[in-house]
Amino acid sequence: MAFPSVTSVTVENVTFPPTVKPPCSPNTFFLAGAGVRGLQIHHAFVKFTAICVYLQYDALSFLSVKWKTKSTHQLTESDQFFSDIVTGPFEKFMQVTMIKPLTGQQYSEKVAENCVAIWRSLGIYTDSEAEAIDKFLSVFKDLTFPPGSSILFTVSPNGSLTISFSGDETIPEVTSAVIENKLLSEAVLESMIGKNGVSPAAKQSLASRLSHLFKEPGVCDPQSHK
């Protein structure tokens, strides 16, 4: 199902539809938010990827309990709000579409660096996470991503991270790899929208769209999602 206010979002000529069905899940997810990821290089802001985050509909009833009375600004400024999205007991789906070309090594090493930094700051970097990072890097090792190609992640509450690839903006029917590590699955999303997330624009989009959805009649009723 889709609610009237769940619309598509266009980021740098990449249009993310209101709903998707990931290749490894029987569920349809709604578009929670999207934005650009870029870096300030000298005096120019260089845009590298367009990032979107989809959530299972159950996320609305879970998140609204604590956050439905908050404004968009309050949600945007709250690290705990984004932490609740990252760790919540519902599926998440992220799509990263290239604006600039990147190699698999360039992309995966930066993500891995961000994940390890998160774990070290929390004192939870163990051999299990180091092994998961090695698996993550190996999935991307020999790949290249031209503009318009996409990397897709599905995060399951049971702790699995499913990785898929697409030559364009479409959702593939097959998966490329599954890594069973809960901390890694959460850290990949955390690196996008967490406290030091790489896409402030995506965070702003999430806060705005979810703030409005929380206030829609019936949206936060779990029965309305069945």
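Heads up, the Cβ atoms here are built off N, Cα and C, so glycines get one too.
Feature annotation from Swiss-Prot assigns substrate binding site to Thr49, Asn114, Ser191. What Swiss-Prot records for Tyr107 is site 'Important for catalytic activity'.
Feature annotations (Swiss-Prot) mapped to structure.
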residue: Thr49; record: substrate binding site; DSSP class: strand
residue: Tyr107; record: site 'Important for catalytic activity'; DSSP class: helix
residue: Asn114; record: substrate binding site; DSSP class: helix
residue: Ser191; record: substrate binding site; DSSP class: helix
Among Thr49, Asn114, Ser191, the record's substrate binders - longest CA distance, Å:
16
Identify all same-chain residues not among Thr49, Asn114, Ser191 whose C-beta atom falls within 8 angstroms of the centroid of the substrate site's C-beta atoms; report them in sequence order.
Arg37, Lys110, Val111, Val188, Met192, Gly197, Val198, Ser199
Between Tyr107 (site 'Important for catalytic activity') and Ser191 (substrate binding site), what is the CA-CA distance rounded to a whole number of Å?
12
Near Thr49 (substrate binding site), which residues of its chain come within a Cβ-Cβ distance under 8 Å, counting only those 6 or more away in sequence?
Val36, Arg37, Val96, Thr97, Met98, Ile99, Lys100, Leu102
